[in-house]
């Protein structure tokens, strides 16, 4: 990046600055270009030959205004970019938005807006210039759109250099002129506005070069594409949209959870965020040191369970949102051990990255580089932590990263790879001075040992701030008692007694207060005082009392089963899922209100929010697993896992083909909306986690389990009858990737079992099947029955067992194109040895010709797929082939600059035409006397006069209705509806259609056919 500086002699000089280091504060000019010859160029400024140009006045104005604002440097697009250097121009076009965004001041010089006479305050009178302002050419130009939106400070000046106002004071007028939302003008992240809405902002703007209409939007969408002047506006917009779609897909696959929704759910579950209960932290010396000292980059908040750490961090997040500038980023994550989606180190990084790129989309480029190679597997496979931690590190070191705050709550609830996460936080919290961290944990010595290694950290121990925490708990108690008094209509005596008991026994623990108040809410008012003294101080004592109360109730057995289930599931479950997994609730499947009542009886441990059941706190689950095992796990925790596994098989017996009645084979998964009622509402959890519960049951070696895992057992029968339906269900549940992990886990469970040879064989095949067809099924659930079956090898057990599900209206030839084994080579003996460049059907549809880079042409029988002849004679790649209309002759064009005419029956070469040019497309005319080509018409009767000018009407390949290939070559379609997804190794490098048959040539040299009936 170059900046302009005024020398001591009064001349302007260009200074090169390194964007990776500290860039000095600078002003930036926004203006409309005049004639190219009038503008001051890079060469003009370097040679100091521009003072007589009209455009020099704008540069002088910018320099003087920058000086008045105390800025030594400024930037002007006409002279700071060497436009003769294509690489530099490309970099500048892709960096322009960022340069305007980073500018300290942006001056808009309105050459067509005079200030007119001044008012008595020596200020331009708005009533005199506002009409010209509204009509200014500046509002009609394409590049000025990003110059309006990118900078935080945009000031408008008249042609005399008089200040007219800024983006804030003129916001209403600018909104009316541009129809751009006021929030966008005020600096809201542009990513929060839809793609089509942002595209509409350029609709009535113009650019000198048509491609610039697209290129001027690059910063608006935070994407990068190299400019290709001459490609045309349509092509430029197509590339822009493709890049936007790639970015959106990458962010969509990165998304595991939206921490903003998790925060709201947590606050709702805990009864709402009470501001007065966390305001003490804002005046705390440790917090202020972290906030104000640039060398204090990690704030570590630690305390015992129930001390309010999570709600404290929710409050800090809210306060940081108020305090930070609009350009700064706040990303956060809430770990919860009871939810497998958000209890791993990888999940933490995914959540933080998701909020980072949502606020600064340009950062997605760090992810995109790896995502383009690996796809969604980047975030899910065994190496996900390694890849994501490298990506996160690169983002932290990116000089374009805005000042950032990262908040992670409950590190101790990271169940998977906690040591890796702790080491990462300890190391990376020191990487960038622009990034500050806050983490919270329990008082665990293992965590203490790792975080103590961080040099630039501030530790805030809640136990050492007992006075502040006690005051916050006191405020919380008064709030909860006031609520209780209103709900229960307490008299003053009862209200005061409750307040006294809570204040005397809370021990500065928010959770204890919340649990007691929850119990009192369910207690009859007349019994409040009698029951009040029964609540002992301390969380564990309270949990023990609650457990005794549940055990003594009429619904003890059922409540204990529900608690046992909740203690071992891998995520919070819905009420419908709970009913499906607890056998004793079978009779209540149609009486969910009664189920909700039973859940409420476990209210000291569980809470029901939006018909999803959660633990009130991690400490509640910890208590059940550690201190209530005899009550809820009478046969052991492994037996409970096995019970869930067995119930899962039963609930999944309802799975069938096309559960959502999609109808269309290629219906996209992203457009699927669950019907009402949702047939997967009850079995959803079972579909995703049944193998995990089997794996976590030590009964895999016990007698009961042996029966289920033997040939002919429950697992074998389920897979043999329901495997494809299960894959469809996983796709509908957006969990096919989890299914791959589960099948691999089942495969490992069965290794070396001698009593399950058939089951083992099926699972091995099922694993290959899901690995091979993951993309097809994930994108279109019903492709489990189409593409997946059609393109599986003949020996596939899944293909054999589900043969009746395979579409009968489509035929793939040759029949061995898919091979006999998963590991077999997919090429056929008759195939080309190099890429197939062109294929063409004869007009009687009896034959298919293929042209290859192996210098040969092959003719195939379209019915039997047998190779009839191989035509040799070209000395270089063969680019194109075409049959004559009578199907008797075949023409081929080669890289050797010749065209050969062949006898289609005998394979003899009838003519060789030296055209002297490389031809890529050829077709016979209807008389078979001429060949249409991309450079003209070749006469076959008079080879001496080869080239005849083309008619005005461009020759087009025949257009086919019915069976076809999609424009991207990914789908076989029928009347534009997607039917069969093509695996990558079957996708065409060229294709031809005849009636209901498609001939396909692929890069490896294979040729294959597909026919519909």
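Using N, Cα and C of the backbone, Cβ positions are placed for all residues, glycine too.
Some features that TrEMBL has for this protein:
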- 297-526: domain 'NACHT' (DOMAIN)
- 829-870: repeat 'WD' (REPEAT)
- 871-912: repeat 'WD' (REPEAT)
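The repeat 'WD' (829-870) scores a mean pLDDT of 81 in the predicted structure.
With a threshold of 8 Å between CB atoms, the same-chain residues lying at least 6 positions outside the repeat 'WD' (829-870) that come near it are 813-815, 876-887, 890, 892, 894, 902, 904, 907, 989-995, 997, 999-1009. Cβ atoms under 8 Å from those of the repeat 'WD' (871-912) belong to residues 834, 837-844, 846-847, 849-853, 855-859, 918-924, 926, 928, 931, 933, 938, 940, 943 of the same chain, restricted to positions at least 6 beyond its ends. Secondary structure of the repeat 'WD' (829-870) per DSSP (helix as H, G, I; strand as E, B; remaining residues coil): 0 helix, 22 strand, 20 coil.
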